[in-house]
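Let me begin by presenting the structure, written as structure tokens, before commenting on it.
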């Protein structure tokens with residue numbers, strides 16, 4: 001007997017009742033044939049018409065958009081952005097949810113990932129289950145926090161600035177992004193035409209008046225004369241080597257956190273929310289409580305945010321080693337921390353540099369790995385250093401949960417976990433977990 005041929009289900013519509021939230025800005029539903037749907041633009045408990053956007057008859061699951069709401073959730077609101085919705089901008093996931101509901105959904109995702117991947121309940125992780133908003137985002141109902149200090153605009157075939165559609169290279173032209181910080185919006189990128197440009201990244205610093213645009217020309221495209229509404233430094237991406245080169249102005253922006261100024265070069269990482277750096281430094285320092293003579297590691301240290309915070313709290317016998325793989329970020333970190341003679345920055349990948357250091361013990365560890373997490377081998381190495389406390393800063397709850405399970409295998413447990421809504425309107429959430437040796441007891 002021959003198998004039925006596979007056929008696409010894209011465009012098919014199903015009336016479904018929506019189940020729980022899933023990681024990634026989706027909610028889960030099932031068709032009458034029991035096929036799993038990951039649905040955007042809906043909320044748990046709603047009855048909707050879901051239109052398939054990806055998948056076929058052999059797919060383990062289907063992706064879909066809620067194209068009609070039959071029975072809305074009490075947490076649903078009218079999306080304030082005209083570009084939010086099925087088939088449009090893919091930047092925001094929860095424009096249609098009340099702010100409190102957004103944070104509750106993020107908390108449910110964290111709890112589910114902790115249980116599924118680390119076998120931890122919120123209580124076992126020392127977490128009260130809440131996701132805290134940044135102070136400046138506590139706005140009256142209906143107001144949208146303008147928090148995004150870096151916006152990557154894509155340019156369409158007609159030279160119009162816009163944002164990518166969800167899981168697509170297609171561009172949704174826009175005339176304004178509601179979540180863009182004022183310093184970005186004031187540049188007026190959306191008002192201009194960019195005929196020979198593929199992308200424009202607009203950056204505004206929170207610790208200074210620095211503004212910057214990074215232009216990616218189309219292959220063979222010429223760089224236009226850049227005239228924006230505010231003074232701005234201009235950089236370009238080289239199509240041959242992918243490097244970022246200064247055209248005019250500064251090749252960096254100056255950020256401020258924990259009473260220190262940080263130079264962040266082109267392509268360097270800095271938290272996008274204007275209050276994120278200070279929020280995370282406070283959470284890490286409150287969890288670690290550094291002592292004057294501590295020795296510490298700052299892994300995936302970027303431009304030196306946590307190394308600087310720890311370093312300026314140490315005495316003459318204390319020391320911090322930061323490890324970072326980005327060459328330009330290492331240069332910036334060394335510049336930013338040159339006044340702290342007890343801080344040293346090494347260039348290279350953590351899993352390669354750490355064994356070469358010869359370090360066999362330390363008092364404190366901070367790690368802020370990329371979205372994929374630190375991984376089993378790095379965690380195993382760290383677990384053998386006997387640190388009194390470890391601070392794990394995570395932008396992905398799934399990667400965090402996996403690594404927490406590895407730390408438990410290495411003899412560490414989670415003392416406290418805090419979650420922060422530093423990406424309003426999106427599914428992203430930041431967590432800070434403080435770990436300590438399991439034998440210490442709670």
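Each Cβ is built from the backbone N, Cα and C atoms, and glycine gets one as well.
Annotation comment: TrEMBL describes 395 as active site, nucleophile. Secondary structure from DSSP puts residue 395 (active site, nucleophile) in coil. For residue 395 (active site, nucleophile), the count of additional Cβ atoms within 10 Å of its Cβ stands at 18 [all protein chains shown].
TrEMBL lists 271, 300, 324, 368 with the feature S-adenosyl-L-methionine binding site. The local packing around residue 271 (S-adenosyl-L-methionine binding site), expressed as other Cβ atoms within 10 Å of its Cβ over all shown chains, amounts to 25. In the three-state DSSP reading, residue 271 (S-adenosyl-L-methionine binding site) counts as coil.
Applying DSSP to the domain 'TRAM' (7-68) sorts its residues as follows: 0 helix, 35 strand, 27 coil. Annotation comment: TrEMBL describes 7-68 as domain 'TRAM'.
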Taking the centroid of the Cβ atoms of 271, 300, 324, 368 (S-adenosyl-L-methionine site), which other same-chain residues have Cβ within 8 Å of it?
269, 301, 302, 305, 306, 369, 393
Out of 324, 368, give me whichever of these binding-site residues has the highest number of other Cβ atoms within 10 Å.
324
Do you know offhand how many angstrom separate residue 395 (active site, nucleophile) and residue 324 (S-adenosyl-L-methionine binding site) by C-alpha?
17
What's the number of neighbouring CB atoms sitting within 10 A of the CB on residue 300 (S-adenosyl-L-methionine binding site)?
22
Max Cα distance spanning 271, 300, 324, 368 (S-adenosyl-L-methionine binders), Å?
16
